[in-house]
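According to TrEMBL, the protein carries these features:
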type: COMPBIAS; residues: 7-21; note: compositional bias 'Basic and acidic residues'
type: REGION; residues: 1-38; note: region 'Disordered'
type: TRANSMEM; residues: 87-105; note: transmembrane segment
type: TRANSMEM; residues: 142-162; note: transmembrane segment
type: TRANSMEM; residues: 174-193; note: transmembrane segment
type: TRANSMEM; residues: 205-228; note: transmembrane segment
type: TRANSMEM; residues: 279-300; note: transmembrane segment
type: TRANSMEM; residues: 320-337; note: transmembrane segment
type: TRANSMEM; residues: 344-364; note: transmembrane segment
type: TRANSMEM; residues: 370-391; note: transmembrane segment
type: TRANSMEM; residues: 403-424; note: transmembrane segment
type: TRANSMEM; residues: 436-459; note: transmembrane segment
Amino acid sequence: MGTMTPIEEKPSGDHRIEDIAGKSPPPSYNEDDDDEFTPQEKKKIIRRIDLRLVTMTGLAYCISLMDRTNLSMAAVAGLKQELRLDIGQRYSIIVLMFFVPYIIFQPPMTIIIRKVGPTYFLGSIIGMGFVQDWGALVGTRVLLGVLEAGYFPGCVYLLSCWYTRYDVQKRFSVFYLIGCVASALAGILAFGLMQLNGKHGLTGWRWIFILEGVITGFIGILCFFFLVDFPDRAHKSWRFLNERECAFIVRRINKDRNDGDMEAFSLKKFLKPATDLKIWGFAMIFFCLTTVTYAIAYFLPIILMNGMGYGVGEAQCLVAPPYGFAGIVMYTTAWVGDKYRMRAPVLIFNALLAIIGLPMMGFAKSDAVRYVGVFFTVAGANANIPACMAYQANNVRGQWTRAFSSATLVGFGGLGGIVSSLVFREQDAPGYRPGMYAAIACNILIILLVLALSLWFRICNKQADRGKRVIEGDAAFRYTI
């Protein structure tokens with residue numbers, strides 16, 4: 001499970017990165033050792049990074065997520081009827097076809113992002129508003145998948161390169177939380193855009209795609225100017241850090257895990273992590289997570305309308321409160337994870353929350369109970385996305401290992417999107433029982449995978465403490481559990 005080589009000498013305890021909650025940071029992690037800047041100046045630099053990097057990646061992800069999931073809002077606004085998506089598996093096929101190029105293009109896009117910078121990757125959806133049949137809609141979804149393939153893994157990679165291991169989950173959570181604003185407000189926005197029905201001869205669902213596509217283009221222009229590069233090149237970003245400040249960040253990362261410097265690219269080095277089983281363990285956890293989150297994103301408005309009897313406007317607006325609750329759970333668990341330096345307990349807690357919510361949402365007789373179940377399900381599933389990203393980011397080293405890990409993680413997330421489109425089938429509406437069973441099984445599998453990985457990490461850490469193993473090529477490195 002990683003690159004581990006026997007050594008003769010036990011690493012000094014002074015250089016340990018502890019994996020046990022509540023223990024003090026090791027001396028090697030102490031920023032006070034770096035006297036290039038005062039403590040106040042260091043905090044100011046970190047705040048500037050947070051404001052610029054996390055805000056811009058989160059804003060762009062918000063639009064990216066809105067672009068790929070507004071299909072469900074358009075579906076209840078007349079898309080399914082006008083393009084006859086109620087025939088066979090047409091709706092599920094349209095959902096699925098986004099993920100095929102999205103998965104295929106992720107590994108090369110991650111390499112390109114590291115080489116040319118992250119500012120050029122954001123797709124547009126305006127064309128969806130003008131399609132005349134379901135086949136043309138499939139084509140626009142495929143194009144969207146190509147254009148967005150590099151964005152999410154690129155963000156995971158970029159953010160993990162800027163922050164130390166026990167700062168990163170809060171940043172992942174804010175990044176993803178800003179993205180969840182798309183899910184929370186998309187229904188309300190879609191309901192407002194529907195009111196343009198008939199304007200210029202276009203139905204309401206077309207206006208959803210057209211105007212949200214215009215917003216996407218505007219955010220893409222902002223990203224070109226304000227989204228920052230990797231730490232070693234960020235001094236070239238417009239009105240951001242200078243070279244001394246960027247050098248401080250690189251030193252900070254090197255003190256934490258010794259992989260802050262740019263590595264020369266080689267295909268062999270990029271593909272080497274493919275032999276590391278834990279990389280695929282993280283990817284499987286993310287696959288299980290996105291199977292649930294994408295199912296919610298694409299089918300929740302339909303379940304609310306057809307399964308619980310709400311009207312179109314009510315169904316679109318009732319999507320928002322569960323995502324607001326999810327944001328609270330997401331940031332709270334991220335704060336706990338970073339504060340106490342633990343990842344596995346957070347993942348298990350969130351998975352249990354979803355396991356409680358899914359039967360309530362899927363099988364309860366009362367609509368009120370089912371809607372409460374939506375809160376638990378949305379919160380548990382979405383809070384685990386940044387938790388999984390942090391679990392992976394904390395337990396790998398090396399620039400290209402991190403790039404490959406991000407690509408495989410999000411690639412498997414795309415596979416989860418495909419599975420969600422296949423297990424939530426039109427013929428199973430409005431209850432979608434097979435999909436509910438699959439979602440429950442996914443959360444059980446998450447718990448089992450996290451327990452297995454964490455047990456292995458604990459064994460490896462104990463062996464490293466006794467001087468019998470080097471983890472990830474660094475005698476001071478310890479896995480985070």
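Positions of Cβ are set from backbone N, Cα and C atoms, glycine also.
From a predicted model like this one, the values you see are computed outputs, not experimental measurements.
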Subject >> Leading contact stretch, 142-162, 174-193, 205-228, 320-337, 436-459 vs the transmembrane segment (279-300) - CB distance under 8 Å >> reply: 436-459
**OP:** Output the single range from 205-228, 320-337, 403-424, 436-459 maximising the number of Cβ pairs under 8 Å to the transmembrane segment (142-162).
**Re:** 403-424
Original post:
Counting only residues 6+ away from its ends, which parts of the chain sit with a Cβ under 8 Å from the transmembrane segment (403-424)?
Top reply: 92-93, 95-96, 98-100, 102-103, 106-107, 109-111, 114, 152-154, 156-157, 160, 270-274, 279-280, 282-284, 286-295, 298-299, 388-389, 392-393, 396, 432, 434-435, 438
Subject >> Chain residues in Cβ proximity to the transmembrane segment (320-337) (below 8 Å; excluding those fewer than six residues from its ends, i.e. six or more beyond) >> reply: 169-170, 172-174, 176-177, 180-181, 183-185, 187-188, 343, 346, 349-350, 353, 374-375, 377-380, 382-383, 386-387, 390
